[in-house]
């Protein structure tokens, strides 16, 4: 059937056919390179700052603990030196007559000097925040020095204990009591320096060698 102008009516092609399927599209990927600074701080930087703060607190605790142990070792070494040096009561009751007691006195003097220098260095480091030597060099020197001095202290105390026990079996007087007191102070100095050596070993193992 034609229209008035002799043209046939226009109909859309594919009349009655179903519409084309709609393909779902994936959401746009997050632009990692163009993230805002605020987003970057909330995702990664916060953990790093917390780790750094924990490390600083741990290092400060280690430094203060090392200083406290060296201060105690200085006190015990000084007491051992003073008690043994003043242990002179005439005749056989004189520490100069016994090699073991002279050994205790000599090591007590060395320990007093060593721990005094180390304590002064740690106080300077804590007060100024600066180290006199490189951190790795200081940790190695502390570890070796603590080990050697602790060995000398326990060696001197061990050599004097049998002599003191034999004397106290026959008679117990102010000379033997003073000797025992000096030996006890030397042993306590050994304990504190041994603990300090553990801290020095931890500091040495935590250093980066890269």
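One-based numbering along the chain as shown.
Glycine is treated like the rest: Cβ placed from N, Cα and C.
In TrEMBL, annotation is done automatically, which means it is predicted and not curated.
Annotation source TrEMBL lists compositional bias 'Pro residues' at 17-27.
Under the heading compositional bias 'Polar residues', TrEMBL lists 33-44.
DSSP places the residues of the domain 'Casparian strip membrane protein' (61-191) in helix, strand and coil in these numbers: 112 helix, 2 strand, 17 coil. Taken from TrEMBL, the feature domain 'Casparian strip membrane protein' covers 61-191.
Summarising the annotation, TrEMBL assigns transmembrane segment to 67-86 (among others).
For the transmembrane segment (101-120), the list of distant contacts is 67, 70-71, 73-74, 77-78, 80-81, 84-85, 87, 95, 142, 145, 149, 152-153, 155-157, 159-160, 163, 179, 182-183, 185-186, 189, 193: same-chain residues at least six beyond its ends, Cβ to Cβ under 8 Å. Summarising the annotation, TrEMBL assigns transmembrane segment to 101-120 (among others).
Within its own chain, the transmembrane segment (140-161) has Cβ neighbours under 8 Å at 66, 77, 100-101, 103-104, 106-108, 110-111, 114-115, 118, 133, 179, 182-183, 186-187, 189-190, 193-194, 196-197, 200-201, 203-204, counting only residues six or more beyond its boundaries. TrEMBL lists 140-161 (among others) with the feature transmembrane segment.
According to TrEMBL, the transmembrane segment annotation covers 181-202 (among others).
Long-range contacts of the transmembrane segment (67-86) within the same chain: residues 95, 101, 104-105, 108-109, 111-112, 115-116, 118-119, 122-123, 126, 153, 178-179, 181-183, 185-186, 188-189, 192-193, 195-196, 199, each at least 6 residues beyond the stretch ends and with a Cβ under 8 Å from a Cβ of the stretch.
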